Amino acid sequence: MKVLVVNGPNLNMLGKRDKNIYGNFSHEDLVKMIEDWGRKNDVEVEVFQSNHEGEILDRLHRLDFDGLVINPGAFTHYSYAIRDALEIVKVPKVEVHISNIHRREEFRRRSVTAEVCDGQISGLGVYGYLLALEYIKKKLEELT
């Protein structure tokens, strides 16, 4: 069982961004937390981060994973290309946001990508990733 975790633009700057919104975790801390979860749950996890839409598309198009957790970052609000790629990906998938996008600026409240995911977790900090991973693990176990 392999789960791909995709982090979009500016998520590499965690720990340097507004800590009131994004917390104190660095991207490296987040990757370690996800990898630790994978080891404890006997799930292969790969964390991929890019600030470039095309690189994210290319990674999704490889289709070499059984489940997907994605934080599209700002692409959430306008990337129809990522939305279409997510629609192509026929695996359990969850959109995650560290902050509660529904309590932020108006332009951040709309997600064009969530409607092609199984669900969206927003506002639970980095722990939203763990909840998404748990869901995907359970969903994949049900399918086998």
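Heads up, the Cβ atoms here are built off N, Cα and C, so glycines get one too.
Since this is a predicted model, take the numbers as computed values, not measurements.
As annotated by Swiss-Prot, active site, proton acceptor applies to Tyr22. Among the features that Swiss-Prot reports, active site, proton donor is placed at His97, with the record citing sequence analysis. According to Swiss-Prot, the feature substrate binding site maps to Asn71, His77, Asp84, Ile98, Ser99, Arg108, an assignment based on sequence analysis. Swiss-Prot lists Arg17 with the feature site 'Transition state stabilizer', giving sequence analysis as the kind of evidence.
Here the features listed in Swiss-Prot are placed on the structure.
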residue: Arg17; record: site 'Transition state stabilizer'; DSSP (3 states): coil
residue: Tyr22; record: active site, proton acceptor; DSSP (3 states): helix
residue: Asn71; record: substrate binding site; DSSP (3 states): strand
residue: His77; record: substrate binding site; DSSP (3 states): helix
residue: Asp84; record: substrate binding site; DSSP (3 states): helix
residue: His97; record: active site, proton donor; DSSP (3 states): strand
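Comparing the Cα of Tyr22 (active site, proton acceptor) with the Cα of every entry in Asn71, His77, Asp84, His97, Ile98, these being the recorded positions, the smallest distance points to Ile98.
There are 22 other Cβ atoms within 10 Å of the Cβ belonging to His97 (active site, proton donor). Across the fold, the C-alpha of Asp84 (substrate binding site) and the C-alpha of His97 (active site, proton donor) stand 19 Å from each other. Closest to His97 (active site, proton donor) in space, going by CA atoms and restricting to the recorded positions Arg17, Asn71, His77, is Asn71. When each of the binding-site residues Asn71, Ser99 is scored by how many other Cβ atoms sit within 10 Å of its Cβ, Ser99 comes out lowest.
Taking the Cα atom of each, Ile98 (substrate binding site) and Arg17 (site 'Transition state stabilizer') are about 12 angstrom apart.
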